[in-house]
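> Annotations per TrEMBL:
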TRANSMEM  25-47  transmembrane segment
DOMAIN    41-287  domain 'G-protein coupled receptors family 1 profile'
TRANSMEM  59-78  transmembrane segment
TRANSMEM  98-120  transmembrane segment
TRANSMEM  132-154  transmembrane segment
TRANSMEM  204-225  transmembrane segment
TRANSMEM  237-258  transmembrane segment
TRANSMEM  270-289  transmembrane segment
Amino acid sequence: MAQDNASRVTEFILLGLSDTQELQLLFFTLFLLAYAMVLLGNLLIIVTVRTDPKLSSPMYFLLCHLSFIDIWYTSVTAPRVLVALLSGHKAIAFEGCMAQLFFLHFLGSSEMFLLTVMAFDRYTAICRPLHYTAIMARGACWALVAACWAGGFIHSTVQTVLTLQLPFCGPNTIHSYFCDMPPVIRLACADTTLTEWLMASNSGLISLGCFLVLVASYVFILAKVRAHVSQGHWKALSTCASHVMVVTLFFTPCIFTYLRPAGTLPTNKYICIIYTTFSPIMNPLIYTLRSSEVKESMWRLWKSCRV
């Protein structure tokens, strides 16, 4: 038992994105700008929605929660990446690695569920407008958001427990800039075939299932818009177009990464940047640029701050 404990990995080495000094400086600048945009953009949405009574519809209520998730989701990886790029310190404790993995999947899966709820909100607004107020009442919205958080917690707990059951006693070098299931599982000193399939069926099917539900909702919305063309429907469709852009950026790399066993193909760490860093940037940009109500509210907030 003492020998097993002595040989157990106590820390991992995150190789990061590049060993070249010039590229590290470039990546540091890009990540710093991206993280600043995520924080400022999403905080601006939260403050705008919370301070403007005109933005009290379910869509903006859900958007506010999406921005909140995006801030913490990016904060799981970005600050450590910035420190590693600046200082060159690439080691992360085993406990810290497991914590990063847990919160990454907790917040990431919660965002997937929330994006699905937002698609349901748009479907209800367009396809069942007379029942929209009753279906998407404030109590129902809170219940849906709570279900998203609960689903994310259960998913992440399962993933983390499966990872903790594996023995890590040999190599400790992770070919990525953060701790995630595929690169961590490859370091286990045991046959991980069953664990890989269980994790793929968990993360992969959640990503694919949410994506298919989203696609189905858009198909119904498009069919409704074609049958009943009006200014209100086109405005809702414009919002859906923004939603599609966010969904495509977020779900496509997630499905590619998780809907397969970890040992089948190497994980592309540059693809991971899309859904961990740059996808959260797009939320404030797309929703503010495509929504005249949000832009007007932000302008009023700006003028009130200058007074």
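Each Cβ is built from the backbone N, Cα and C atoms, and glycine gets one as well.
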> Under an 8 Å Cβ to Cβ limit, what residues of the same chain, 6 or more beyond the ends of the transmembrane segment (132-154), are close to it?
58, 61-62, 65, 105-114, 117, 120-121, 124-125
> Which range wins on Cβ pairs under 8 Å with the transmembrane segment (25-47): 59-78, 98-120, 204-225?
59-78
> Other than its close neighbours in sequence, what residues sit by the transmembrane segment (204-225), given a CB gap under 8 Å and a spacing of at least six beyond its ends?
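The answer is 109, 112-113, 115-116, 119-120, 122-123, 126-127, 155, 233-234, 236-237, 240, 244, 247, 251, 254-255, 258-260.
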> If I take every residue in the domain 'G-protein coupled receptors family 1 profile' (41-287) and average their pLDDT values, what number comes out?
85
